[in-house]
Amino acid sequence: MQTNDAKRVEIIIEAPLEGRLLDTISQAGVTGFTVLPVLGGSGRSGRWSREGQVSAAGGMVAVVCIVRPERVDRLLEAAFAVVERHIGVVSVTDCQVVRAERF
Amino acid sequence: MDTIFSVMAQNLVSPIVLSFALGLLAAMARSSLSVPEAAAKALSIYLLFAIGFKGGASVAAHGFDGSLGAALVSGVALSLAIPFIAFGLLRAMTRLSAVDAAAVAGHYGSISIVTFVSATAILATRGVEYEGYMVAVAAAMEAPAIIAALWLAARAGAGARMDRELWREVLLNGSIVLLIGAFLIGALTGERGLKEIESFIVSPFKGVLCLFLLDMGLVAGRGLRQARSVLSAGAFAFAVLMPLAGAALALPVAILLGLSTGGVALLMVLSASASYIAVPAAMRVALPEANPSIYLTLSLGVTFPFNLALGIPIYVALAEFLGGA
């Protein structure tokens, strides 16, 4: 099967920032993304878990976007404007997709 | 004094406080006991709806008067003023940076609706009446403290800002919308509406509150276990002293307003409690430089248990002793 090069950008960010991040990357022309719940983890701010959260403030979400390689810089610039001051992880990995016209 | 000890003794062995203690101890002992996020959310939706509806129905039964407006204005003023006192105490008692102190101060100006709900349950057990509109006062006191906290942080040079989106999120946050919405439904449908759903929102209320407080105990215990490093003696002392200071500020205001005994106690509870829902989310957006471990540990890990076990009985006993209208 024919596959095509693409970039998978994964942004793990504080839940209260989810709406802002999605609006920003949409404005940057990236309209395809997936938001995943994150169960828990550990980082510079200590361990956390989504179990029994009384507030979204302590939770995190993962936003996954798959884009053509030439569009990744624009996406990262837009995302960085939101995540710069906040807790989170941004990673970019190479991947292969079928149906390249969709990205 | 006897009244304080008797209310305290009665409160400490209530199912509400013991459920919280169970959660706290289980988390401290690293038990696998947990409440799924969706279940915790469902319990909080039930509690907010029930307390809002009952408040509205009570207002419908007793009728609206000018005291509602005065209580709302006073609540907003208290919520704006308390962060300044908290900020001053934090700077004097701890080594927190101005930004962290401002963020913590914002939490103490705002309110904890679960503390409020627990206080109403204790008042109901003692047969003490309160104004139904105190629910609306609780909702009005959620947001003003955030403005005061961001002003304090901006004065300290932090890039704190309150844009339109954040305003919308704070003023229309789910718990405020549900609380006010249920209050309005209760006020519109009155006694008739309450009778229709009484078996759902009155009888099971305390049982659901116990389960929710079990979860709160688990969350508080986990927070305390993981954030011992941020809990200096000064910060711990602040988290115990500040609710008493807030309640002391509210007491003369409540008496001047002519609130009933239950109303006086509830305004003290609102001023003594610290937010862990609306304000943390707003602080993460507007003031990300502030350390969330500090404000969540202080408000949820220290002040909430203090108010639940000792604070509420003190405020209720003082209100009963000084006598509301």
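Numbering starts at 1 and runs along the chain as displayed.
Cβ from N, Cα, C; glycine included.
TrEMBL annotations: computationally assigned, not manually curated.
What TrEMBL says about this protein:
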type	residues	note
TRANSMEM	B:12-33	transmembrane segment
TRANSMEM	B:45-64	transmembrane segment
TRANSMEM	B:70-90	transmembrane segment
TRANSMEM	B:102-124	transmembrane segment
TRANSMEM	B:130-154	transmembrane segment
TRANSMEM	B:166-188	transmembrane segment
TRANSMEM	B:200-221	transmembrane segment
TRANSMEM	B:233-257	transmembrane segment
TRANSMEM	B:263-282	transmembrane segment
TRANSMEM	B:294-318	transmembrane segment
### Message
Let me check one thing: do the transmembrane segment (B:294-318) and the transmembrane segment (B:200-221) come into contact, meaning three or more Cβ pairs under 8 Å with sequence separation of at least 6?
### Response
yes
### Query
Does the chain bring the transmembrane segment (B:45-64) near the transmembrane segment (B:233-257), so that three or more CB pairs sit under 8 Å (pairs 6 or more apart in sequence)?
no
### Summary
When counting C-beta pairs under 8 angstroms to the transmembrane segment (B:12-33), the leading stretch of B:70-90, B:166-188, B:200-221, B:233-257 is B:200-221
